[in-house]
Each structure stands twice: as C-alpha cells, then as structure tokens.
Amino acid sequence: MDKNFAARRRRDLIIAAVLAALAALAPLFIKDVYVQNILILTLMYAALSQSWNILSGYCGQISLGHALYFGIGAYTTELLFTKFGVLPWFGMLAGGVIAAVIAMGLGYPFFRLRGHYFVIATIVIAEIGLLLFQNWEWAGAAMGITIPVRGDSWLKFQFLRSKLPYFYFALALCSLAWFVTWWLEDSKWGFWWRAVKDNPEAAESLGVVVFNSKMGAAAVSAFLVAIGGAFYAQFLAYIDPESVMGFQFSLLMALPAVLGGIGTLWGPVLGAAILIPMTELTRSYIGGSGRGVDLIVYGALIVAISLALPQGLVSLFSRAKAKGATR
C-alpha cells in the first residue's frame, strides 16, 4: 500500500513537471498574441481554482466570495505602487499576507456556520467589500486605478513589447498552486481537511482541531488567490472594483474545479484548460451582441458534466484505469 501511495505521488509530480516543461515551450510555436492571451488567462484561472479548491474542495467550506481576496491582492499591490512607489513584487506579498489575515479574521464568525449559510455569508462579505471599494475615493472609487506603464521592466513587472513575461509568471503561479496542493494533499493538513469535510464531529473526536484546520485552509487559499489578483492587475495595467471584485470572479474560480473535479489534485487544471479557452473564444466570436451567452454556454456545460459525472472530468481517468485493471 505504501509503495502504491509513493508511486502515485511520484507519478503526479513527474506528470506535472512534463506538462510544465511542455507549456514553457508553447510560446516557441504559438506566436499569435490573442492565443497567448488565452493561455495566460487559462494558467491564471487554473492557479486561482487550485487555490480555491484548498478551502472549498479539500476542506469542504464552499466559498463564493473569493473575489474579495483577489481584489485585495490587486488593490494592495497597485495602491502601494501608485501611491508610495513600492515595487509590485513586494506589493504582491503584502496583498497575500493581508488577504490571509482577513480570511482568518472572517473565519472566526463564518466557520461557525454550516452548509448554505456559510456560502451566503461569503457572497455577502464579498459584495460588502465591492461596495466599500466603489465608494473609497482614495483608492479611485468606481473609476478605479490606472497603472502607469513606462516600458519593459522586470523590477516593476511591466511589459509592453511582449506578453511572454506574463505568460511565464502565470505558468510559475499555476505550478506553485499545484505544488502547494500536491504537498498539502497528503500531509497531516490534507488528512485533517478531508476528515473535517467528511464528518467534522468524528474528526474532532479523533483529535483534529476542526476550527484551526479550517483557518489554515482559508489562509493558504486567500494568500494564493491574492497573488493572482496582483498579477491580474499588473497584466491589465488598470483595475476598478467591478473588474477585480465582481461576483463573476468568484464563480470563475470555482467552476474549473467543479468541472474538473472538486477536491482533486488535477480537477482545477483540467477544468480551466477546457473552460477558459471556451469562454474566451465564445466571447470573441459572439461579441457584444451576445453578451452573457458565454455564461449560458459554460453554465450548461457544468450542469451536463455534473449530471453525467458528479465527481468531475477526472473521474473519467479513474474509470478508465479501473476498466483496464479488470481486463
């Protein structure tokens, strides 16, 4: 059993390394800027969904308010940069820490809630955050913040001539989120989270500190999502409350994991690889006249997959492996 367990861990790590290497070579063959943009967004959402999956998938605390942490990461980075000249790299870390602290602060009242009450609470607090930033004049209010871009600079994390630096950062972020999940999945924290998800009372009786387990998951999840928010702000060079804290961001973090397989290592990556390109291409071909059609399309896809494969697309691989073993 231990050998199979170790072999599975090694196999996952090798597959991830191969996929990351292949992805790193993609820009050598894909020169179209629009396609590169889709790849960047796909990697970013894979990282965000993987981060969301830590709290909602492994720990079972379904959040539809993670846009709050995404926005905190974006605004912290850009306010520090535009108001005080702090480099975005330091702003990213600051935004991640602030988001993690806020997530733990919200955890004190929220983790006493169960089921749909917790989900509703996360939606409400994210909407409150959105309203606060829409009326915060120092942070640009509803008009947002335009980030001054004066040329290519790794120090200021700004690039005009090529999107490739953003692509490689997004790939690094996706790899980081995956590796953190891989490392935590079979650590004591991963076992605690799954125990809390399956049966909190039974987990507590076995010595698991349920509250602390949830707080740890919330902190890690919020930190990584905030890093994603900071990256997105630098990538766009402009942010406003709706563009980084809107409810659609919370949904777009959750949907790839739901599609691929919630609470699994590969589900968010697989889901993002299918969902995000489909969404972007649908928007591109339909245009403004069909605004919202992309939401209908991938909403219908999610419903269909959920009915046919309740455990997500990754369950197809498990089924194929099981069939192969019985032959």
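Cβ coordinates come from backbone N, Cα and C, glycine included.
Only residues 6 or more beyond the boundaries of the transmembrane segment (54-75), in the same chain, are considered here, and those with a CB under 8 A from a CB of the stretch are 48, 92, 95-96, 98-99, 102-103, 111, 118-119, 121-126, 129-130, 133, 139, 145, 180-181, 184-185, 190, 193-194, 196-198, 213-214, 217-218, 220-222, 224-230, 232-233, 239, 241, 244-251, 253-254, 257, 262-264, 267-268. What TrEMBL lists as transmembrane segment is 54-75 (among others).
The transmembrane segment annotation in TrEMBL covers 87-111 (among others).
Distant neighbours of the transmembrane segment (117-133): 61-68, 71-72, 75, 106, 109-111, 139, 141, 241-242, 245-247, 250; these residues of the same chain sit at least 6 beyond its ends, with a Cβ under 8 Å from one of its Cβ atoms. The feature transmembrane segment is assigned by TrEMBL to 117-133 (among others).
Under the heading transmembrane segment, TrEMBL lists 166-184 (among others).
Below 8 angstroms of C-beta separation, residues 40, 44, 47-48, 50-52, 54-56, 58-59, 61, 63, 66, 69-78, 88, 91-92, 95-104, 106-107, 111, 144-147, 149, 157-158, 166, 169-170, 173, 176-177, 180, 184, 189, 193, 253 of the same chain, each at least six residues beyond the ends of the transmembrane segment (215-239), sit close to that stretch. Feature annotation from TrEMBL assigns transmembrane segment to 215-239 (among others).
Through the fold, the transmembrane segment (251-276) approaches residues 12, 38, 41-43, 45-46, 48-53, 56-58, 60, 62-64, 66-67, 70, 174, 178, 181-182, 185, 194, 197, 225, 298, 301-302, 305-306, 311-315 of its own chain, all at least 6 residues removed from its boundaries and within a Cβ separation under 8 Å. Annotated transmembrane segment per TrEMBL: 251-276 (among others), in sequence order.
Using a Cβ-Cβ cut-off under 8 Å and counting only residues 6 or more beyond its ends in the same chain, the transmembrane segment (296-317) has close neighbours at 255, 257-262, 264, 266-267, 270-271, 274-275, 278-279, 282. The transmembrane segment annotation in TrEMBL covers 296-317 (among others).
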